[in-house]
Structures are given as structure tokens and as C-alpha cells.
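K.L.:
Starting off with a structure, shown below.
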Amino acid sequence: MAYEGILLGMGNPLLDISAVVDEEFLKKYDIKLNNAILAEEKHLPMYEEMAVNPNVEYIAGGATQNSIKVAQWMLQIPGATGYIGCIGKDKFGEEMKKNSKAAGVNVHYLEDESTPTGTCAVCVVGGERSLIANLSAANCYKSGHLQKPENWALVEKAKYFYIAGFFLTVSPDSIQLVAEHAAAKNKVFAMNLSAPFICEFFKDAQEKALPYVDFVFGNETEARTFSKVHGWETDDVAEIALKISQWPKASGTYKRITVITQGADPVVVAEDGKVKQFPVIVLPKEKLVDTNGAGDAFVGGFLSQLIQEKPIDVCVKAGCYASNVIIQRSGCTYPEKPEFN
């Protein structure tokens, strides 16, 4: 089977700027530990300040990009994956390109002349961290870029697509173009619920995409929010997963499969009117470094086996393996080679 360009992701690229800082730094920028927020005006100077920190690390991040990089790492086949999103024409954008290429992902970024690359400051104090995200250029993606022949060629080539729900806030028309292409060409289209606020405030865009989605990923909080928004009056994750899997489909080629993670609790998979549960790998508390990117890594591991046409239980196992590796490291990073078999 030819793997070149088989999996394509589209989303919001954010460059994680990770550095160990001190209490003074947190006080200066009014940051609370173990928090995740969107940047306000007062936070903006901190990105430059962190960039000159001697221990600074740059990691190409953003939900979809994390998943694609993990899938690429699991596959160990250069160029098997591609990724599209918007960055700025600046040093952080250059850093992002370098990082993604080193990971073996074929990136086709739209480069915005006037908006800086989206960043996420990861401030670390005593092993605990705080995340401050500044979407910037990631918010500026336009479907015109997707439709350019050199970029649409990636869509034509791919057999599997993955887009996190976060992209619904940026370019729903790009999602629709890919979704309709996938349905017309009998390809596999996967999306993630991504966050409770997506299910609540971007319900219409989500519902428009859903008939095209063959694999729906999410966690238990997102699933319960989805249920509430749709008036299903159930908190039972298995029941919600089943209902999502039975949502009407635009293409009859594939049945829809819903995959819901629940932290340390079993992964719920709904297909064909049945629900299965798969245990996750239990990690002793002292080995946990950072849960940032755990859900993204699960999807990446899962997709790495799906595109090899492995059965669902193997896909879930790979997802659990990948997220287990990621949470023992800083950020969404991984060792040189996976040890999954």
C-alpha cells in the first residue's frame, strides 16, 4: 500500500513556547498555575520575554497538528502525513516550519503577511504549568488557500482526513469542502468534538459537518455537553456515543464510529448499534509529567493504525499507547522511535 500523503490534517497551528519561569514572572503577568486561558493585552509582552529565556523550548503544537505529528511518529514513514493551517511570516512561523518538517510532516501553511504566528505560552514552575494561547494568524485561514492546485493536490492524494473541532471557529467552509470531497470519493473523514464550547457555541457548524464524519472523537466532558445541547437528557457516555454514531450520514460507504476517551477510565467505542469498552494503560501518579496533548496523542495513535486498515481494538490500543507516552513527557513530544507492537 502506498502511504505517501495518505493522512491529511487541517487546523490551528500554534507554536508552544515552553520555559521554566519563576514566581515573579507569574506575578508580573498575573498568571495562575494549572490554568489554560486565552491571552489578553497584558500577556502579549511575555512571549518575547520567554523567547530570550535560555531554557526555552519550541514545540509545534495546536490540537490537529499534535495528532498528525503523533500519527507520523507512530508510522515512521516520512511524508505519510500532511497538514494545512495558517501561520505568520515571522521567526515563530519559521520555527514551526522547521519543527514540523523535522517531524516528517508535509506542511502546506498559508502565511499571513500582517498577523503573527499563533503561540501558546507554556509557563513551568516546579513541574506545574500554565497555558496562555494567542491564536493570531491561526484565526486567519481562508478556503482560497485550500483550493489552490498545489494544496488541493494534498486533498486529492489523501485517503484519510482529520480535523479538530477547533477549526470550526476559523474556516467551516474549508471543512465542508474536504468533507464533501471525502464523501464523493469514498474516503474516510474524522473529526473531534474538541471542547465543550465548540458543542455549545458552534453547534450549527458542527451539525453541518457531522453527516460527513465517519469517526467522531471526543472525551467524556465534550460528549456530555453534546448530549445536553441536543436535549438528549442523558449523562451516560456509552449511550451518548451510540446516539452520535447513529446520527444521519451523508454517505453510506462507511458506518460512523464514535470513540470517547475518559481519562483513566475505559475508552468507549460505539459502532453498529453496539458499545465496547477498552481499558487504558494505568500510569502511576509519580510518572505523570503533563497531560497536555494526551487526547491529541490518542487520536494520532489511533489514526496511525486506522490508515493501515487494522481492526478497531488495535487502533484503540495504539491510541492508549501514544497518550501514555506523551503524558510522561513535557508537551506533546515523544522519543525517537515508538515501541508499539
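Cβ atoms are placed via backbone N, Cα and C, with glycine included.
This is the feature table in TrEMBL:
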DOMAIN    26-335  domain 'Carbohydrate kinase PfkB'
ACT_SITE  Asp296  active site, proton acceptor
K.L.:
Sort out the sequence-distant neighbours of Asp296 (active site, proton acceptor) for me: same chain, 6+ apart, CB within less than 8 Å of its CB, listed by position.
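P.N.:
The list for Asp296 (active site, proton acceptor) reads Ala63, Thr64, Asn66, Ser67, Val70, Ala164, Ile326, Cys332, given in order along the sequence.
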K.L.:
Looking only at the domain 'Carbohydrate kinase PfkB' (26-335), what is the model's average confidence as pLDDT?
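P.N.:
Mean model confidence (pLDDT) across the domain 'Carbohydrate kinase PfkB' (26-335) is 92.
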